[in-house]
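Enquirer: The structure that follows is given in the form of structure tokens.
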Amino acid sequence: MPLMRNARSFFAPLAIGAPDPVRAIPVTPSRMIHFFDPSNEKLRGKVPDMARSADILLGNLEDAVAADKKEAARAGLVEVGRTADLGGTPLWTRINALESPWALDDLVTLVTEIGDVLDVVMVPKVEGAEDIHYVDRLLAQLEARAGLSRPVLVHAILETAQGVANVEEIANASPRMQGISLGPADLAASRRMKTTRVGGGHPGYRVLADPGDERPSYQQDLWHYTVGRMVDACAAAGIFPYYGPFGDIKDEAGCEAQFRAAYLMGCVGAWSLHPVQIGIAKRVFSPDVEEVRFARRVLEAIPDGSGVHMLDGKMQDDATYKQARVLVDLAELLAKKDPELATAYGLS
Ligand SMILES: CC(C)(COP(=O)(O)OP(=O)(O)OC[C@H]1O[C@@H](n2cnc3c(N)ncnc32)[C@H](O)[C@@H]1OP(=O)(O)O)[C@@H](O)C(=O)NCCC(=O)NCCSC(=O)C[C@H](O)C(=O)O
Ligand SMILES: [Mg+2]
């Protein structure tokens, strides 16, 4: 069994002088976590534009940043944190893996230099609660030394078989846990899955109908099981699940379908690797206008949220009231950020 803090000490700061851990994870629009490489000067110049169009901006320090660019990426992110006008868009980072030569300096430098504007640290290849405990204590020490008044939160990537096996303990490892993302590329390698794709389906993974005149077959979702486990672990822990990357940038329809499956299963967002995927995530992770309209009718039809009612031939009760609440709450949250959505939802 991993070492867990007990119920009384769970919310105690892990270093003298560190800020109190949060009791509830902030609920903000997070339809996409937009990745950019902070070592790239041209992209750094685009940060204000990216921040206007994305819900969350993430300076990536890990995979996709070459080894000889790691320090430039870290320094570039410090520059962004110190100088860029993000207009209230949360700033996240993905640090290097904990066993790498860069992770320690990533945490020390970022919390010391820009801990006051850094909302969340994404930790790759998390295998169990012990990885979160290590980051948790170190963050507390760094926050205390930097005199920060609010804690930096932690987001784990689920991208090893061991991490999936331990997903519940990871989700509950610390009050800093903000959420978990699927990392389908590393996870595929860790599991010895035979695919070279970053997320998405595979034409060979399908179900064939029984023998008959015709034998239709349908492609299945390779990630259904893991997304299901991740969503349940996150919901049970009061944190947020995200589908991760979709690497085939040109396959916009494939990306949209994968994001939509994750949205319907409970994910709050996905990663965008390219500007085109910001629009896809916005479309997918904003509730459908007609569904919101129907959900509001459900809430109006059941003012106290109890009893049984009929609406358009469909039974409504306490449970459907709660389902409707999920959609309406999300629509109201997004409408506050997005005037076009506010108009579409009739909330302006
Ligand atoms: C994937 C890319 C390398 C593609 O870049 P590029 O070839 O430059 O694309 P385009 O020519 O179509 O670009 C058009 C313009 O858009 C700008 N651009 C591209 N990407 C971004 C971005 N992320 N943010 C902002 N702007 C972007 C280009 O500069 C062009 O601008 P201009 O020249 O002015 O017209 C590239 O998109 C990229 O590097 N994306 C991020 C990749 C990344 O972060 N990968 C790591 C996350 S996924 C992962 O790690 C796997 C996971 O961990 C797992 O295990 O599953
Ligand atoms: Mg990965």
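The first residue you see is number 1, and the count goes up from there.
Positions of Cβ are set from backbone N, Cα and C atoms, glycine also.
Per TrEMBL, the features are:
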BINDING   Arg94, Glu159  substrate binding site
BINDING   Glu159, Asp186  Mg(2+) binding site
DOMAIN    40-255  domain 'HpcH/HpaI aldolase/citrate lyase'
Enquirer: Cβ under 6 Å from an atom of ligand 1: which of these binding-site residues qualify? The list is Arg94, Glu159, Asp186.
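Expert: Near ligand 1, sequence order: Glu159, Asp186.
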Enquirer: So, in DSSP terms, is Asp186 (Mg(2+) binding site) helix, strand, or coil?
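Expert: Where Asp186 (Mg(2+) binding site) sits, the three-state DSSP reduction gives helix.
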Enquirer: If you skip the near sequence neighbours and keep only those at least six away, which residues in the chain come within under 8 angstroms of Glu159 (substrate binding site), Cβ to Cβ?
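Expert: Those within reach of Glu159 (substrate binding site), by Cβ under 8 Å and sequence separation of 6 or more, are Pro124, Lys125, Leu182, Gly183, Pro184, Ala185, Asp186, Leu187, Ser190, Gly244.
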Enquirer: If you draw a 10 Å sphere on the Cβ of Asp186 (Mg(2+) binding site), how many other Cβ atoms land inside?
Expert: 20
Enquirer: Which value does the mean pLDDT take for the domain 'HpcH/HpaI aldolase/citrate lyase' (40-255) in this predicted structure?
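Expert: In the predicted model, the domain 'HpcH/HpaI aldolase/citrate lyase' (40-255) has a mean pLDDT of 98.
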